[in-house]
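Read the structure below first, then the notes.
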Amino acid sequence: MEKWSLMTITVLLALTVRWAVSLGSYSGAGKPPMYGDYEAQRHWQEITYNLPIRQWYFNTSDNNLLYWGLDYPPLTAYHSFVCAYIAKLINPDWVALHTSRGYESQPHKLFMRTTVFVADLLIYIPAVILYCFSLKETSAKKKASTCALCILLYPGLILIDHGHFQYPLSLGLALWAVLCLSHDWDLLGSVAFCLALNYKQMELYHSLPFFCYLLGKCFKKGLKGKGLVLLAKLAGTVLVSFAACWLPFGTDVEQIMQVLRRLFPIDRGLFEACMFSSPTHCPDKVANIWCSLSVLIKIKNVISPRTQLKLSFAVTFLSLLPACIKLTVQPSLRGFKFALVSCALSFFLFSFQVHEKSILLVSVPVCLIINEIPFMATWFLLVSTFSLLPLLLKDGLLLPYAVTMPAFLAVCLASFSILEKTSAEDLQLKAFSLSLKGYVSWFKSFPRIVRSLFLLSLSLMGVLSVLSAALPPPQHLPDLFPVAVAVVSCLHFLLFLVYFNVVILWDSKNRGQKKIS
């Protein structure tokens, strides 16, 4: 009873914070002609309710793809249709074809915010709660609620979902998939991840760890016996799941090809993930390597779009290859969770057409290991939220950002005493340190160095946040602060990528893992 009381308080606190953030502004509020992501979600409801399925992804007189055309997989469209059906019952004007464009009112805002709350309550929050209770390391139920509190108060996801406006369904489904795999429910986990991938194609960031972990399990069981049976079951599960999601589009090859063209518009170029959206949105302020390098070298001007695609693919593939090989050869649940972080971060830093919000695809897996490496996880989650600052300022979310960031840090300090967990062993670098020559003298001062870097990082993020919010940029450098935020965040992420890969590659113990047989 006590464990559920603590968890109930945790959930109520998390919901209160979400409600408070949702009272503020949202993406594109009062900014015609394109508005923002809030209008995109409303427009998809308008399109899916009023047009036949065969027109959802095609440019027609009733569906101008240049105005927030659908560019997510079928499950997003089906979800939009369900929301639209309910909206139609409440107020038909909200989803009226053509005339509802740019619709804004307090009742409609309440409805849209409620749909996000429902998605959180039905999908994301239950997965977090069950995941925290399932952790072997959190035998004390108080620790389970503490871990859940830190995950549910992660400011990046709250500010984007309940401030900017976005649904947490794909991340929630991916979390359900991880939860299923942690209980050896591999087929259910495969279904959950297929649903996540068919809700948002960005779940490809997590696809290789899922594939390598399950393939590694098949290898361990033996491909001439149980492993082959498991492999066949997994393949069948994936095929059936995809077939069910794509069934309304499966009767026409052109329909399928058009959906795929909308999902992967490679002709837009390396930086053009959002060029069809608001003209005030600048896609070059993402905290990845290509946007940061463009400060010095205008990549768009010296490399052709096709070459950009090939270069991006090659660098991304090479950066995630070590973690994937290790996971396939030595599959473990712990290694799987760390690989989710490493591979998603590789995709964010090096892949094609990255949006700033895609950092959440890295942050949620980091939340899953906050109980194992609380110091580094907290640091990463703070930096990831900081990297969203230009977008949050544009949406009028400065106050929620200024409140949730220090509140999250305070909760992590109180819950995990993170400043006391900076030794090589706490950061899971003991095996790596032992492999270095002369490690003894250098690693004696390692905790102090790490704490100093953390405090320096916090100070830098604080100063840049204040400058971005309070000072107008120089006229000849209008993007000075957004670029500074992106570059500083990118440098952090590169160091985190090295760190996570070191932990993965030097981990030979696979502590706390069930034997795969």
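Just so you know, glycine gets a Cβ as well, placed from its N, Cα and C.
Note that TrEMBL annotation is computational and uncurated.
In TrEMBL, the feature transmembrane segment is placed on 145-167, out of the ranges 145-167, 306-328. Note on the transmembrane segment (483-506): residues 285-289, 291-292, 295, 319, 322-323, 326-327, 335, 338-339, 341-342, 345-346, 348-349, 373, 376, 380, 383-384, 386-387, 389-390, 427-429, 431-432, 435, 457, 460-461, 464, 468 of its chain, located 6 or more positions outside it, place their CB under 8 angstroms from a CB of the stretch. 359-386 is the stretch from 145-167, 359-386, 398-419 with the greatest number of Cβ pairs below 8 Å to the transmembrane segment (453-471). In summary, the transmembrane segment (227-249) lies against the transmembrane segment (173-197): three or more C-beta pairs, each 6 or more positions apart in sequence, are under 8 Å.
Of the candidate ranges 110-133, 173-197, 398-419, 173-197 has the most C-beta pairs within less than 8 angstroms of the transmembrane segment (335-352). Residues 73, 75, 123-124, 127-128, 130-131, 134, 203-204, 206-207, 210, 213-214, 217, 230, 233-234, 237-238, 241-242, 245, 333, 336-337, 340, 364, 368, 514 of the same chain lie 6 or more positions beyond the ends of the transmembrane segment (173-197) yet place their CB under 8 Å from a CB of it.
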